[in-house]
Amino acid sequence: MEAIEQRITEQGNKVRSLKSSKADKDVITAEVAILNALKAELKALSLSDPAAAAATAAPATKPAKGDDKKGKGAFTLKNAKGTKDYTPQEMAVREKIFSTIIKVFKKHGGTTIDTPVFELKEILSGKYGEDSKLIYDLEDQGGEKCSLRYDLTVPFARFLAMNGKEYQNIKRYHIAKVYRRDQPAMTKGRMREFYQCDFDVAGTYDAMIPDSECLRVLAECLTELDLGDFTIKLNHRKILDGIFEVCGVPEDKIRTISSAVDKLDKLPWAEVRKEMTEEKGLDPKAADLIGEYVQLKGGAELLERLYADAKLGANTRAKEGLDDMTLLFKYLNVLNVTRYVSFDLSLARGLDYYTGLIYEAVLEGSAPPTLANGEKARATVKKGTDELDESTVGVGSIAAGGRYDNLVGMFSGTNKKGQPNLLIPCVGISIGVERVFSILMQKQKKEDIKSNEVEVYVVGLGGVSVEERMKICTELWDAGIKAEFAYKLKPRTQNQWDACDRDMIPFAVIVGNDEIEKGLIKIKDMRSKDESQKGGIEYPRTQMIAEIKSRLAQL
């Protein structure tokens, strides 16, 4: 039975590798059939010999060297695939990311909400197009089929559908974890458990006004995070759908063809065209016409070119999208955002709920590596695993979003006329924290990151009691100053200096028995190597708080 399990593992790896490399469909089908036959054989053996099945039920993981010496009940410690722990230094960087983003969100009037980490499965079903396969389904609990949330947008729409009478208009932000069964690339911030930072405007307003402010919010966040040069790619679902219509794409294929176009940032046009025609059955002539459009990009001048296109200009959907984009560029000029944006017809956004403006932000160098022939490298799987080879993938987009006017209505039910009982138009942005974090961590050394916020360390010399050090710390804490002292009755002096250096604490308050008797303390700037400080500068104990606050204000 163990031999069959090993063959199933090997065959499963082979199938995943073929799928990732876009192998011929017939080849994949044949290998899947072999995999299914092996699974059926294993099942038959299990039914005929339950004891053997129980004996091989444990994971077929080769124990690490020395595991056999760990004793009864020992197990290998590791993170689940696509997840990770964060050190104090890493968390300091992450907290700064969150605080920077929240500050911008609040500046624009955002208020926050929270929703459960899992939703009823039916709430999430049918909202994410081809990406629905990445949703984590949970075991049936108490008669309810649930799934971990894939994003924060669908739960927000459900929240509005449930509370629409109270929240017809809201600027909401939400920062929380989401979950996707994707192939991880850990160093590029592509994970299975990750944070999203969302800002959305819900309510009925005049065209493109909230949309333009969302783009301003996104530009401010990326600028404040100091990530480097970035571009916000824009497109409009109605323009894209209009292009598909004039090119001859059947209505029932528009969403699947749109999903193929969305891969142009990762694949060359020839491969995207092949997917359209060979996998999705599109007429090659229609694909060639689409190719003439979706490789166009530019600024407001591209709008003029598209307006001048007779076929596109006569299409109702496309005309509505072009009018929206014209108005958007007018507002973006006023908001000083135009310099960050690019009107890119290859942007499609694969999620089904978008209805209008769509956008995503990318950094310089965030695309997949370029091969010697000038083409982008294709994501490949490490040999013998189902994990991505991270040298073949880029960071990808660091933020994205768009308008979704009908999503709330999908949850509200319909009236006798077949119309939604509640319609609340929405537009928003979502920033991927893990990708931002991976970029910022590449720009700095861990040893240079201050992981705590302690401002003062109380150093006791010559056997000063712990009670005296506690008294000084208490005075500092009562004054709102962040302070620490050694948890030893008689700490070594060098260990106390080392703590200041290790934790990058800027100031030390130094006390010895002589200072206590005279009502004095010494303050030393731990960042300065100025010899004139010697063992610290003396001050009356009564001036300690004022002097420390004065120094902290100059940091």
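Sequential numbering from 1, following the chain as shown.
Quick reminder: no glycine exception, Cβ is built from N, Cα and C everywhere.
The domain 'WHEP-TRS' annotation in TrEMBL covers 1-56.
Here TrEMBL flags 1-20 as region 'Disordered'.
Marked as compositional bias 'Polar residues' by TrEMBL: 9-20.
If you look up TrEMBL, you'll see 82-368 marked as domain 'Aminoacyl-transfer RNA synthetases class-II family profile'.
The L-histidine binding site annotation in TrEMBL covers Asp151, Leu152, Thr153, Arg180, Gln196, Asp200, Arg349, Tyr353, Tyr354. Counted within 10 Å of its Cβ, the other Cβ atoms near Thr153 (L-histidine binding site) come to 26, all protein chains included.
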- Message: Please identify, from the binding-site residues Gln196, Tyr354, the residue with the sparsest Cβ neighbourhood, meaning fewest other Cβ atoms within 10 angstroms.
- Response: Gln196
- Task: Specify the count of other C-beta atoms within 10 Å of the C-beta of Arg349 (L-histidine binding site).
- Result: 23
